[in-house]
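These come from Swiss-Prot:
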type	residues	note
REGION	1-43	region 'Disordered'
MOTIF	10-17	motif 'Nuclear localization signal'
COMPBIAS	27-43	compositional bias 'Polar residues'
REGION	115-133	region 'Calmodulin-binding'
DOMAIN	116-144	domain 'IQ 1'
DOMAIN	145-167	domain 'IQ 2'
REGION	176-208	region 'Disordered'
REGION	242-301	region 'Disordered'
COMPBIAS	257-267	compositional bias 'Basic and acidic residues'
REGION	381-403	region 'Disordered'
Amino acid sequence: MGFFGRLFGSKKKSDKAASSRDKRRWSFTTRSSNSSKRAPAVTSASVVEQNGLDADKHAIAVAAATAAVAEAALTAAHAAAEVVRLTSGNGGRNVGGGGNSSVFQIGRSNRRWAQENIAAMKIQSAFRGYLARRALRALKALVKLQALVRGHIVRKQTADMLRRMQTLVRLQSQARARASRSSHSSASFHSSTALLFPSSSSSPRSLHTRCVSNAEVSSLDHRGGSKRLDWQAEESENGDKILEVDTWKPHYHPKPLRSERNNESPRKRQQSLLGPRSTENSPQVGSSGSRRRTPFTPTSRSEYSWGCNNYYYSGYHPNYMANTESYKAKVRSQSAPKQRVEVSNETSGYKRSVQGQYYYYTAVEEESLDVGSAGYYGGGGGDSDRLNRNQSAKSRMHSSFLV
């Protein structure tokens, strides 16, 4: 009895000691579990309170909460492992319901740990979702800001381009208006010059042909000058007119005969024919009575030169460089003066110079005339007066005025 009593008593004591140890251990576990339960509650409360704080602070708080949960889970795992070790070491001695109670406690602690882990994961997922939503909102705001900036830049570029196009169109219109004004002014200028100078409106070809025609007329006039002078000499001789001859002839030299001219050298003959003369050294022949006046045809070098000069000097200069009326009247008076053909019985063969101007003499072609020919004298010969008159008419010269 005593042995069995001690045995059972020791067993009871050992059971009591084991139960006291288990209680202590379970109290530790309960404390750790309570602390783990309280920590998530505190963390959840802190998360709810700090929703308005910055994201960095929230992240730090969540990291601290997860660290606390991990520490609690680690302590719970250590406690469970120690309980399992103790129960496995005393398994041969414990035959009653003590082992079942310890297993039940371990299952409860594992369930709690799993629930705590699930709660922590939910908290983390919720916080991560919050951060993702916030980042998405920030990204959307950034995209909107970029769109606004780009739209402002595009609108500014479009306005600048439109302003440049308007400036270009305005410049083009101004250039067109200036060109139209210049063309209108040039047309008005040409019309005014055509009114002032009719020859300027004709083409250069017509002007050239006109100059050539004037030259031909002047050459024809030179050819027929001798015959006209013969007729005028005969008519003046037949009329009852008294001619007065100026006796002042200091520089007069009679024309040599044809034989003498043939003996002269060509150079000397050219110098004698082309010598300049003026009113001072030219003979003056006049009449006291009324003289027979023949119309003067100004188809000479002066008209030819005036027509050609009019081609070059009219219509190609501005209005302020055009010839005035007084200048044109002066040129007209100098180029085509009123001439009176004066014939004397003497064989002078010269015309009077007008207004003291110098001019050159050109002899009539003597080869086309034959002094002794019967056709020239009208058949037969003639008396000495008629011979002298024909010879003087033959040797007359016509002048070309220098304008």
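The backbone N, Cα and C atoms fix where each Cβ goes, glycine too.
When DSSP labels each residue, the domain 'IQ 2' (145-167) comes out as 23 helix, 0 strand, 0 coil, counted as helix, strand and coil in that order.
When the region 'Calmodulin-binding' (115-133) is classified with DSSP, helix, strand and coil residues number 19 helix, 0 strand, 0 coil. Over the domain 'IQ 2' (145-167), the average per-residue pLDDT in this prediction is 93.
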